[in-house]
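Novice: Quick one: the structure is below, questions incoming.
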Amino acid sequence: MGRMDSEPRKRGAPQVTDGPGSTPDSGWAAEPVPTVRGGLAATVAQWVEVHRLAVLGREPTIARDAGVRVTRMWLRRSRFADVAALSNATLTLGLDADALYHLGWAQLSTGQPRQALANYERALNLYREAGYRYNEAATLNNIGGVYDNVGDRQRALAYYMEALPVLREIGDRKGEATALTNIGTVYGQRGERKQALACYVEALTIRQGIDDRAGEATTVANIGALHEGIGDHERALASYEQALPIFREVGNRAGEATALNNIGLVYDRLGDHERALAYYAEALPITREVGDRAVEAATLTNIGALYGTLGDHRRALASYEQALPITREAGNRAGEATALNNIGLVYDRLGNHERALAHLAEALAIVREVGNRAGEATTRYNIGEIQRRQGDFAGAKDSLDGVLKILRAIGDPRMEVKVSSTMAFVLLSMLRVDEAIEFQRRAVVLAERTSHPSLNQMRAILDQLQRMRRR
C-alpha cells in the first residue's frame with residue numbers, strides 16, 4: 001500500500017463567513033460608531049494609526065471601529081499574524097465580540113484550532129446576548145469550520161446545520177449559500193456524494209440568483225473537487241476550468257491561484273506532469289503577488305508532490321523545504337506539520353528511514369498539540385507504513401490500530417478504506433490470514449458505501465486473500 005501524503009490545498013475546504021462588519025446592518029458595534037475622519041478613503045496605514053492611538057488613549061469604540069476595518073482588509077491578504085496582534089490589542093480595552101471573532105479566524109488560519117474554537121465560542125455568546133443574529137450565524141458557521149479543519153465531521157455538520165436556519169430567517173442569501181457549500185463539503189468527505197451535490201447545486205442557484213460571481217466560482221470549484229474525489233478527473237477539470245475565468249473576471253487573484261492549482265492537480269493525476277507543472281508555475285507568482293502565504297506554501301507542496309511522482313526526490317525535497325519556513329513564518333502550525341510530513345516521506349523514499357521518522361515524529365507532536373485529529377491520523381499512518389516496510393509488523397499494527405480509532409471517531413470512511421486494507425497486509429505478514437480477510441472485507445464495504453475510486457482494487461485484494469485461505 002502507498003503512503004498517505006498530506007493533501008494539497010483545493011477548493012473543498014470549508015468557507016469562513018465574513019461576519020462582523022460585512023453588511024451595513026450587521027450590528028458589529030455594541031455602541032453607536034463615531035465618525036472617524038478620513039472615511040473609507042483612508043489607507044490601511046492610516047486606520048492602523050487610528051487604532052494604535054485609540055488603544056493608547058483608551059477609546060474602545062474608535063479602536064473597535066478601526067480594528068474591524070483593518071482586520072477585514074488584512075484577512076483578504078492572509079496577514080493572519082497582524083490580524084491576531086491587532087485583535088489582541090483591541091481586547092486590552094475589554095471584551096469585544098468582533099475582536100474575538102477575527103482573532104479566532106486568524107488562529108484557525110494558522111493552525112491553532114483549539115484557540116480559535118475558544119475565541120469563536122466567546123464571540124458567539126456575546127453576539128447572542130446582544131441579539132445579533134447575523135453575527136451569530138457567521139460564528140456558528142466558522143465554529144463548524146474549526147471542527148471540519150480537525151476532521152470532526154459530525155460536529156462540523158451540526159454547527160453548519162445550526163447556522164443554516166438562522167441565515168434563512170434573517171434573509172442572508174449569501175450566508176445561506178456558504179453554509180450549504182460547507183454542508184455539501186462534509187457530505188462529500190463522508191462519501192455521501194448525492195447529498196453533497198444537492199447542497200452544491202442549491203448553493204449555486206442562490207449564488208447565481210444574487211449575482212455572487214465570486215461565490216459562484218467557489219461553488220463550481222467545490223463541485224469539481226467532488227468529482228475529483230471519486231476519480232472523475234474529466235468532470236473535475238471541466239468544473240475547475242469553468243471557475244477559473246470567473247475568478248479572473250471578478251479580480252479574485254487568490255481564487256485564480258487556487259483554481260490554477262486545482263487544474264494542475266488534475267493534470268498531475270492524469271499523468272500529464274508537464275501541463276501540471278505549467279499550471280503550478282502560473283499560480284506561484286500570483287500567490288506571492290497577493291501575499292497569500294498559505295496558498296504559496298500549498299503550491300510549493302503540489303510542485304514537490306509532482307517531482308515525487310516523477311521520482312525526482314531531490315527536487316521534491318527542495319520544494320517541501322521551501323514551503324516549511326513559509327508556514328513557520330506565518331505561524332501556520334497545521335501547514336508546518338504538513339511540510340514536515342512530506343519531508344519525512346521524501347527521506348523515506350531516499351532510504352533514510354531515521355530522518356524520515358524524526359520528521360514524522362515532529363509533525364505528530366504538532367498535530368497533537370493543535371488538536372488536529374485528521375492530521376494525527378495521516379501522520380500515524382505514514383509512521384505505520386515505514387514500520388511495516390521495515391518488518392516491524394507489531395509496531396505497524398499498533399500505529400494502524402490508533403489510526404482506525406481516530407478515523408471512526410471523526411467519521412472519515414474514505415481514509416478508513418486505505419488504512420483497513422493496509423492493516424490487512426500487516427496481518428497477512430503476521431500470518432493472521434482470517435483477521436486480514438476481515439479487515440479487507442471492511443475496506444470493500446466502506447469503498448462501496450463511499451463510491452471509492454479504489455473499489456475494484458479492494459475487491460481484487462479480498463478475492464486474493466480468500467483464495468489464499470482456501471489453499
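Glycine residues also receive a Cβ, built from the backbone N, Cα and C atoms like all the rest.
Pulled from TrEMBL, these are the listed features:
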COMPBIAS  1-10  compositional bias 'Basic and acidic residues'
REGION    1-32  region 'Disordered'
REPEAT    97-130  repeat 'TPR'
REPEAT    137-170  repeat 'TPR'
REPEAT    177-210  repeat 'TPR'
REPEAT    217-250  repeat 'TPR'
REPEAT    257-290  repeat 'TPR'
REPEAT    297-330  repeat 'TPR'
REPEAT    337-370  repeat 'TPR'
Novice: In the repeat 'TPR' (137-170), how many residues does DSSP assign to helix, to strand and to coil?
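Specialist: Split into helix, strand and coil, the repeat 'TPR' (137-170) gives 30 helix, 0 strand, 4 coil.
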Novice: Using DSSP, how many residues of the repeat 'TPR' (297-330) fall into helix, strand and coil, respectively?
Specialist: 30 helix, 0 strand, 4 coil
Novice: With a Cβ cut-off under 8 Å, give me the same-chain residues at least six positions beyond the ends of the repeat 'TPR' (297-330) that come close to it.
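Specialist: Tertiary neighbours of the repeat 'TPR' (297-330) are 5-6, 8-9, 78, 80-81, 110-111, 257, 261, 264-265, 268, 273, 276-277, 280-281, 283-284, 287, 336, 338-340, 342-343, 345-347, 349-350.
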Novice: Which sequence-distant residues neighbour the repeat 'TPR' (217-250)? Criterion: at least 6 residues beyond either end, Cβ under 8 Å.
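Specialist: For the repeat 'TPR' (217-250), the list is 10-12, 15, 177, 181, 184-185, 188, 193, 196-197, 200, 203-204, 207, 256, 258-260, 262-263, 265-267, 269-270, 414, 451-453.
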Novice: Using a Cβ-Cβ cut-off of under 8 Å, list the residues of the same chain that are 6+ residues beyond the ends of the repeat 'TPR' (137-170) and lie near it.
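Specialist: Distal contacts: 14-20, 22, 101, 104-105, 108, 113, 116-117, 120-121, 123-124, 127, 176, 178-180, 182-183, 185-187, 189-190, 334, 370-375, 377, 406, 410-412.
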Novice: What does DSSP give as the helix, strand and coil breakdown of the repeat 'TPR' (257-290)?
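Specialist: For that range the per-state counts are 31 helix, 0 strand, 3 coil.
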Novice: Do you know the mean pLDDT across the repeat 'TPR' (97-130)?
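Specialist: Summarising the repeat 'TPR' (97-130) by its mean pLDDT gives 92.
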